[in-house]
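**Q** Swiss-Prot feature annotations, pasted as is:
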type: ACT_SITE; residues: E222; note: active site, proton donor
type: ACT_SITE; residues: E327; note: active site, nucleophile
type: COMPBIAS; residues: 76-89; note: compositional bias 'Low complexity'
type: DISULFID; residues: C355-C361; note: disulfide bond
type: DOMAIN; residues: 20-55; note: domain 'CBM1'
type: DOMAIN; residues: 88-405; note: domain 'GH10'
type: REGION; residues: 64-89; note: region 'Disordered'
type: SIGNAL; residues: 1-19; note: signal peptide
Amino acid sequence: MKLSASFAALALLLPFVQAQSPVWGQCGGIGWTGPTTCTAGNVCQEYSAYYSQCIPASQATSVTSVSTAPNPPPTSHTSTSSAPSGASTSTAKLNTLAKAKGKLYFGTATDNGELSDTAYTAILDDNTMFGQITPANSMKWDATEPQQGQFTFSGGDQIANLAKSNGMLLRGHNCVWYNQLPSWVSNGKFTAAQLTSIIQNHCSTLVTHYKGQVYAWDVVNEPFNDDGSWRTDVFYNTLGTSYVQIALEAARAADPDAKLYINEYNIEYAGAKATSLLNLVKTLKAASVPLDGIGFQSHFIVGQVPTGLQSQLTTFAAQGVEVAITELDIRMTLPSTPALLAQQKTDYSNVIKACASVEACVGVTVWDWTDKYSWVPNTFSGQGAACPWDQNFVRKPAYDGIAIGFGN
């Protein structure tokens, strides 16, 4: 079935160019030439250097945003960047708590370079602490098909084998994303038929290789811009919106038992981006395209966790999909302080409570569990301390916040 006509309307969600931007309209960012003020009752919220949006004034202090960059290779971050973190007082194990609350798992991302750190793996391997793992980089396109038709799975296999040996669920991440593409894909001058075949072959080969091992796949990652328009990448530019259907159908054919997700950030609050994704979900479901879940990445800032997160989870779940928190971290400006750590504890607790309160929210994954290997300092200058454990593997107050969120 052709979906392009239905999807085309979503692509028209463009910034408003007038004297003032209305609610959810763009109001700033590098290269923006439109209005920089908002209509009455709304304020201009800066999300990044590239995008600001008009939001209701009542939400101005509770909305957060982050534009996820390609994950750099993990590096060890020294303790000189932050003050002593304090320590958790909870003795509970987080995956045990999650399952007691009716969730499938509490999990973490990891990366291959970290697995040589025996102190790190001693904690990672505890399946009462983590019941699920996500490979941060080793299943992405540049890692698995660096040359056309030449696949390599050694990195992904290492993490898949770790999940199997520890009795953990494995999340596949990801099949189709605009970033971390090999140049033969991103710079390719393909016809629609050629790129369709390339997507089908990549998704089919990748998902087939891990058939029976993966609980859920992030099949399509980050298809929308923050203003709700479609990202203009090689996939969209060549195939329009149909690339989403092509990828999902290829993944379903390769592993009928794996849950198929679209994974996105900045959908944790109501706005143009969340609306576009919600409309996409409705269109896909109406056309019987296989889609089982929506991943809420949840890269937050201390003190700015959206108060409407639970409502957003519920809204998407009402479309007949499961939902999950897939990449949780809550960063702060360094150095950390007792006040920031206390707020971070509250923030983690509130995110967990939101998932715990929604039956269709199957679990929570942190985007690595220790500040030692967090992606944040390499991506956001002067920020860090985003994880529940500090760089010395000491549990922070945030750990207690997670336990509290699960009802402990």
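Placement of Cβ uses the backbone N, Cα and C atoms for every residue, glycine included.
Could you place these features in context, so I can see how deep they sit and what lies close by?
**A** A coil conformation is recorded for E222 (active site, proton donor) in the three-state DSSP classification, outside any helix or strand.
If you draw a 10 Å sphere around the CB of E327 (active site, nucleophile), it holds 25 other CB atoms from the protein chains shown.
Under the DSSP three-state reduction, C361 (disulfide bond) is assigned to strand. Around C361 (disulfide bond), the same-chain residues six or more apart in sequence whose CB sits under 8 Å from its CB are K103, L313, A317, E322, V323, A324, I325, A354, C355, listed in sequence order.
The average pLDDT the prediction assigns to the domain 'GH10' (88-405) is 98.
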**Q** If you count other Cβ atoms within 10 Å of each one's Cβ, which of the recorded positions E222, C355 has the most?
**A** C355
**Q** Give me the Cα-Cα distance between E327 (active site, nucleophile) and E222 (active site, proton donor), rounded to a whole Å.
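**A** Answer for this pair: 13 Å between alpha carbons.
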**Q** In three-state terms from DSSP, label C355 (disulfide bond) for me.
**A** helix
